[in-house]
Amino acid sequence: MANILRKWIESDRRELRRINRLANRVDSYQDQMAKLTDDELKAKTPEFRQRIQDGEDLDHLLPEAFAVAREGAKRVLGLFPFHVQVMGGIVLHEGNIAEMKTGEGKTLTATMPVYLNALSGKGVHVITVNEYLSERDAEEMGQLYRWLGCSVGVNGAQKSPDEKRAAYACDIMYSTNSEIGFDYLRDNMAVYKEDQVQRGLNFAIVDEVDSILIDEARTPLIISGPGTGTSKLYQQADRFVKTLKNEDDYKIDLESKTVSLTDEGIKKAEKYFNLKNLYDPENTALTHHLDQSLRANYIMLLDKDYVVNDGEVLIVDSFTGRVMEGRRFSDGLHQAIEAKEGVEIQEENKTMANITYQNLFRMYSKLAGMTGTARTEMEEFREIYNMETITIPTNRPVARVDEPDLLYPTLESKFRAVVKRIQALHEKGQPVLVGTVAVETSEYLSHLLDQQKIPHVVLNAKNHAREAEIIKNAGQVGAVTIATNMAGRGTDIKLGPGVKELGGLAVIGTERHESRRIDNQLRGRSGRQGDPGLSQFYLSLEDELMKRFGGDRIKNFLQRLQTDDDDEDVVIKSRFLTHQVESAQKRVEGNNYDSRKNVLQYDDVMREQREIIYRERQQVITEIDSLKWVLMPMVKRTIQRAIDAHTLGDKKDWKLQEIVDFAVEVLVKPDQITVGMLEGKSKDEMVDLMMDFAEQVYEEKKHQLYDDSQMLEFEKVVILRVVDAHWTDHIDAMDQFRQSVGLRGYGQQNPLVEYQTTGYRMFEQMVADIEYETTRLFMKSEIRQNVTR
């Protein structure tokens, strides 16, 4: 283990030395660029573009182009990127992750690789976690890019298709991750080329890359249409589930956050719903609703996993603490929570298009990211996204003091100690940022501070609209701010006058998050750019992480403590416990990684299918002459399948009447074909005969429509209508199959292998259905003028 660690550290140092040498080459142009007039500096952009056209590559151009962007930033923004920021920029240009501590100027760091890559004309996307940051960064950094002759656009949910198209056409575009994904899906549902907004996914720099590519990796982006109504079943399931008693009727596995009925619970369900066997295949819909109701009532917590606002259930992102607007839990869980909370149950939707962030961002030709905390997830970034994580040195040494964790026996004693510490810090004027994991905790702590008459503000999912303003004031003398995980990522907490002398910003964590990275983010709010500061976590043996993963050793430890000492406020400082906390976090991180990897393996099946359908669709949409080359092979394969199906065994057993019936249904008028015309022919001869009929029908349609453009429009209408209808049905069927395939693991079958093989068969069947339906629609439809989609 020690050897592996040594090799790691050594390879890191080697990589930093290489990057440092390249940054020195950028430095070497500093004086030369400083001597240029504004016009001469601006003229570098068209010069670089010409050199790229003449064959020079971006890597060769890097030292000079970075130096131009750097000098431009000094003149336009009044900011000159430090040497370490140049190093960060090199990491980004090379398609890797730059881990830079809070306050080290990630936004300015990105300007150099953004400018260099924008010169290629293929488009650079800067991805942020919310629209506020997109607008802010595009406004501030856009001044520099425009001054240097690059166009800048902002993409947003409220933009019209024309505005979006214009933004994507720019050299540089700022956008949220979700909007890029939804635009991709909408583009692949469009029926006209002119309705599409994107122009390929070339290079993206993802800000807060861990938040988007790790925390949100499992969240699929879904475009839905209306589905079938089942709200009564949710209400019935909810009423039943609320009658159950813990341990007797259901059991909860805290570690995996799952809940299931016991044998007693199953008997109660069979009696309640008047069934002989709850798990009979006929009762699949009911068991699905019961499973979701159990999760809603006994796993999902109000004000932690979701909030209820104006009669609507809204998801709270467990990593950021923000409300996820417009998102709904999938698989009917959202409806089950609506039934639990007694609000209106919105109908389940049918998925029409979906993609995960993992597969969306892997489609970029080059992907880079920056964050203050990626090191703990470096293996995942390497394995899934093929990105290395490089830790960039800070410009000034970190002066923050990270004090060791304090552990208390109970939640109550822990919060008493937290309030006491806040009071002491507040009395001397030192600003305090208190991090909580849940909305509920932030409100409980707020209540305790009110009792002590300590003025404070709360930042959680219920008031996130004031986020930037609250965070901006969190570094002033005497400020006390309670924040859930969101803690204003992307907004620096700047220290007010006199705060440095008081010791800087004090960060107090009220419990460890299941991810070490989130804890590090909270610590990183303090001590920016060499400022002083302190951080400390207050834990209790009743914290959720300890309950889920602490195990019997901790319980025994707690019992010994309580018998040895009746004082609830005793502070436990034990290496054993600190080690237990960290190993618990590593276990959760490992579980989460396995889960994300599992999601990716399943989603890769859909990715391959999605790419085939979207590629074929795009060929149809962009065709400008004729689609006969797409249509007639579909017709031929449909004919071959039908003839193969009815010509099994000896020739005397061939079902020629069925072939005639097929031809009448799909290709020709009833009087055009008889059994006699097929007698004595081989399979290939029958296929040729049918294809002759198909050619005749095709030419007739072409003649009826007079105009080649009308014929092309008719071909597009038929193909797209059929493909879209079958594809959305297929997505829905694959979704349902994926939910049920887990049960097959009990039959000694690997659920993933089962999903892959059956999914492939389902896809092949869908393609055959599309070709059959397209053939029938095209060949048998009556032509009317004014073809519309």
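Even glycines carry a Cβ here, placed using N, Cα and C.
Feature annotations, reproduced from Swiss-Prot:
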BINDING   Q85, G103, E104, G105, K106, T107, D492  ATP binding site
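Recorded features from Swiss-Prot, shown on the structure.
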residue	record	Cβ within 10 Å
Q85	ATP binding site	26
G103	ATP binding site	21
E104	ATP binding site	24
G105	ATP binding site	19
K106	ATP binding site	23
T107	ATP binding site	18
D492	ATP binding site	16
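Cβ atoms within 8 Å of the centroid of the Cβ atoms of Q85, G103, E104, G105, K106, T107, D492 (the ATP site) belong to the same-chain residues M100, T102, L108, T109, site residues excluded.
Spanning the residues Q85, G103, E104, G105, K106, T107, D492 that the record associates with binding ATP, the maximal Cα-Cα distance equals 17 Å.
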